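A.B. asks: One structure, as structure tokens, below. Some questions next.
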Amino acid sequence: MSTDETKPKRLSLWGVLKEIFNWYPSHYPSAEKKLLFKLDVSILVFACLCFFVKFLDQTNISNAYVSGLKEDFELYGNELNYFNVCYYTAYVVFQVPGMLLMSRPKLARWLLLTLEILWGIVTFAQSRVTNVHQLFAARFLVGMLEAPVFAGTHFILGSWYSGPELFKRAGTWFVCNPLGSMVSGYLQAAAYTNLSGVGGMPGWRWLFIIDGIFTIPVALLGFVIFPGIPDSPRPFFLTESDTDLAKQRLEKARIRRPERLGRDVFLHTLKRWHIWVFVFCYIYPSSYMNLWLKEEGYSVQQINTLPTVTFAITIVASWLGTTLASIYPSWTIYTLVEGSCMFATICMIVWDIPKGLKFFAWYLFGVSGCASPILYSTVNTIVKDDSEERALIMLGLTELLDGAKGGQSL
């Protein structure tokens, strides 16, 4: 079994390119390569699809708002901000119980799938709302049901993978965040152009229907292929020797398996340095480019498609930056990313700058895509000896980020 988790040093450019795509190292035994492949086509595939539809269903409200919802409901105040407040309030509050439940072996395999079916139903329901208060309630429910997805998936990835293999998978998984947001913009532009008036409904209502059609099948697929964590009930495609090997990999990598939850877990976590350092390292920009474009008088199609350039940049940054962090010291990549975001933020603060520079700053925020998977993968690697502390730190990272997003909306 492989135990080498050190990062390659002083690689040539060709060596770096080879390492980027080296997902199944030649020194791994054949049984371990086979296990990794099974995990990639089950955990990683489902995690990517789940994350993709999560961000479809999370960001569709902004696309709908600038594509007719605002005018249909006569919303000329801060209602879009209030939609986001409803979502993130529920997201923050329900992350705590959701994440702790996700760390339990018997629940880890089924909880996420059940929640996804439920938020898919709520997504469908948003297409039939008749007033803004119903939409506030629906956004709260979507936030509540999606709460454990982000940190929970990071926790599950860190329960199967370790070292460089974890960084590469986390980067690939995180690509589906901007991909979902990007596709949401294109879907709304297409719905506005081709479905407005079909069935007597405006295009923005069709967006919720289309997103729901994406969501439910992904959840049903998860019931077949998603294995939870190594101590969860074994799915049909993993043999007993596979799960034994997975547990041996955890032991070799010194990743401790989940134990009983209690008050001591919280006290122990607060006494260690990890949570205090990692939580305050998490800086992630939020963009309202579509609102700026609407104010500037761009067309509905442009409002929905121009911001997708940011998401395209995020896709490349998420995958490439996180993969490079498995080869080079992760702090160097993270520092470069945050420096770029700082420059873009300064441009936004000054604001009175040429329009071309403003577009550049909006798009530069896209490089922040790799910050999250790098930081979470680092937590998975450094705090691998304590599963409960690892879960709580990831929870703290997400709580701080989404609490800030909710506060930003007020």
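A Cβ is built for glycine as well, from the same backbone N, Cα and C atoms used for every other residue.
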A.B. asks: For the transmembrane segment entry in TrEMBL, name the matching range from 52-75, 76-99, 172-195.
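C.D. replies: That would be 172-195, per the transmembrane segment entry in TrEMBL.
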A.B. asks: Please determine whether the transmembrane segment (207-229) and the transmembrane segment (172-195) are in contact (criterion: at least three Cβ-Cβ distances under 8 Å, sequence separation 6 or more).
C.D. replies: yes
A.B. asks: For the transmembrane segment (305-327) and the transmembrane segment (360-379), decide whether they are in contact, meaning at least 3 CB pairs lie under 8 A, counting pairs 6 or more apart in sequence.
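C.D. replies: Touching, yes - the transmembrane segment (305-327) and the transmembrane segment (360-379) meet the threshold of 3 or more Cβ pairs under 8 Å.
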